[in-house]
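Undergrad: Structure in structure tokens, see below.
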Amino acid sequence: MSWINLLKINIKKEIVMMKRYLPNTIAMLLTMYFLFLAMFAGIQIIGDPSSQDVHTQFVIVNYIFWSLSLIVVQDIGWQITTEAAQGTLEQLSMSPMGVWKIMLMRLIATVLANIIIIIVLLYLSMLTTGQWLNIDVITLVPIFVLTLISMFGLGYIIAGISIVLKQIQSFLQILQFVLAGLVFIPLTVAPFLAFFPIVKGVDLVRGIMIDGLSWHSINIIDYSILIFNAAFYFILGLFFFLYCERVAMKKGLLAHY
Amino acid sequence: MEEIIEVKNLSKTYKKRKSKETITAVNDISFTVNKGEIVGLLGPNGAGKSTTIKLICGLLIPDSGSVMVNGISMKEKRLSALSHISAVLEGNRNLYWRLTVRENLEYFSGNRGRSSKDVASEIEDLLDAFNLKEKETELVNRLSRGMQQKLAIAVSLLADSKVILLDEPTLGIDVQTGYEIRKILRDVVRDYDRTIIISSHDMGVIQELCDRTVIINNGKVVTDDKVENLLRLFEVRAYTITLGNALSNQQIQLLHQKFPHLDYSHHSLESTLTVNLTKAEEFYDLFEVLKLEHTPVESIDRQLINFEEVFLKIVNGRLHNELDQSS
């Protein structure tokens, strides 16, 4: 029950902040949309006309996932550095729930609160380009959730680094490009990337949304890789975070910025 | 009385980033806190108070030693131990400034796993008790520092913990709010059945609120005693003697030989001697010197020593002298 209370209060905080700073929320959505328009214009101007439709569909899916991964992975890093500077990180660290649970609930809350923005962005992108993707919710949801779990693992790694180092703004900026690489590079170009976080999930989502794959036409090996990646990166991220938390408690870094 | 906090042989060192020099913040500290007590943690800057508080809160891992909270080891069962402790460590910095008063109360209790339904009536009570009801929808960054401090204490109460640690609860707030906070803390112990550990530079807070004081200096416990005992220890031997005439040079010399810490001042209207006597019989020695020139004694006043002076004497190493002399 305490887990649910923790989740509920973190969702509430996310929504309160989004509503309270509505102009900021709208500006974020518009920035994401304008960036997408720039990509779309690029395809229209310099792309091969014979494959423009497919490229546009690729860009929509990739861009939506990239935006989501930025929100999830980067946001947790920003949150930690901000909380350390504010002085609230110590208060969270004193919760009998454990910081890792609070961070997990925050990650989930961030996704749930931002999913509306992502959906709006998706439909705006489809509307602008006239490319309507296959939205097979039943097939998409489990793959999306498993991909998110590996994303959470990355989030924990970023949170762990932030707890110890604090000033990671430049690192977070580099991370944007790393995430773009993971999302935009197709598996056909670099098959080994299937074992990297997010990549397999995005590949399958592209298959569903662009090629119309359904849950039964997806290979069991693909599902297995997806499940393995989700479990591996989540556990890796969690252990890394717990290790960093311990280092911070040994060195007295929880309150320092 | 039942012990709720046991600090045993606690030590913590840090390494300086650049010089890699090791600094001992806390050095083999031991003390206990009983249920329902208000204990003051005193010490000069850099004495190790905040480190001790953070070690008790489980925010720092000690190099050696242990902290038990309500019988639970902070080292072995940190999260269980944390359910019995809450703290206000940096006052207004412990709050979310972009959330309202009520949202802060709800958010922090939710982060401890408490349901908003369970805490709803407690929040109402706290808003009333802390005079924050009118400000419940106000963003924290718009509150005065005193109000923010009160809210931080209310947040710590809502944690439903048995022990509350307060690091400098009256730092930087005005006299009236300081008075209000002292009243609140007294009520907290009486009405909410909590144990409080206060670290403060404000001797008034310690003297007024605390049952017992643990004084730390250079990372070590210098004394652990009741405030009134410490006051009594120093108070009984300090006297101010007003004289009718000025003392002769010979008298001053003799007095300084017998009482090295004696202060003598002479003005046109009166002469005063301030002396710390180690034994009552030393009065006879003093009077013998006065008798040499038939110096009249107009009054003898026992000095009322305040806790600040006691504290300074203790951290300056005078405690052991006093204890040796009294024994």
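The chain as shown is numbered from 1 upward.
From the backbone N, Cα and C atoms, a Cβ is placed for every residue, glycine too.
Okay, these came from TrEMBL:
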- A:21-46: transmembrane segment (TRANSMEM)
- A:58-78: transmembrane segment (TRANSMEM)
- A:99-125: transmembrane segment (TRANSMEM)
- A:137-165: transmembrane segment (TRANSMEM)
- A:177-199: transmembrane segment (TRANSMEM)
- A:223-244: transmembrane segment (TRANSMEM)
Undergrad: Counting only CB pairs under 8 A, let me know which of A:21-46, A:58-78, A:99-125, A:177-199 has the most with the transmembrane segment (A:137-165).
TA: A:58-78
Undergrad: Quick test of the contact rule: Cβ under 8 Å, at least six residues beyond the ends. What residues does that give for the transmembrane segment (A:21-46)?
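TA: Tertiary neighbours of the transmembrane segment (A:21-46) are 52, 55-56, 59-60, 63, 67, 117, 120-121, 124-125, 128-129.
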Undergrad: Residue list, the transmembrane segment (A:58-78) vs rest of chain: Cβ under 8 Å, 6 or more residues beyond ends.
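TA: Beyond its ends, the transmembrane segment (A:58-78) has Cβ neighbours at 32, 35-36, 39-40, 43, 103, 106-107, 110-111, 114, 118, 121-122, 125-126, 129, 131, 133, 147-148, 151-152, 154-156, 158-159, 161-162, 168, 171-172, 175-176, 179-180, 182-184, 186, 198, 201-202, 205-206, 209-210.
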Undergrad: Should anything in the same chain at least six residues away from the transmembrane segment (A:223-244) have a Cβ under 8 Å from its Cβ atoms, list it; otherwise answer none.
TA: 100, 103, 143, 146-147, 149-150, 152-157, 159-161, 163-164, 194-197, 200-201, 204
Undergrad: In the same chain, which residue numbers or ranges, 6 or more beyond the ends of the transmembrane segment (A:177-199), come under 8 angstroms Cβ to Cβ?
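TA: Hits for the transmembrane segment (A:177-199): 58, 62, 65-66, 69-70, 73, 147, 150-151, 153-154, 206, 225, 228-229, 233.
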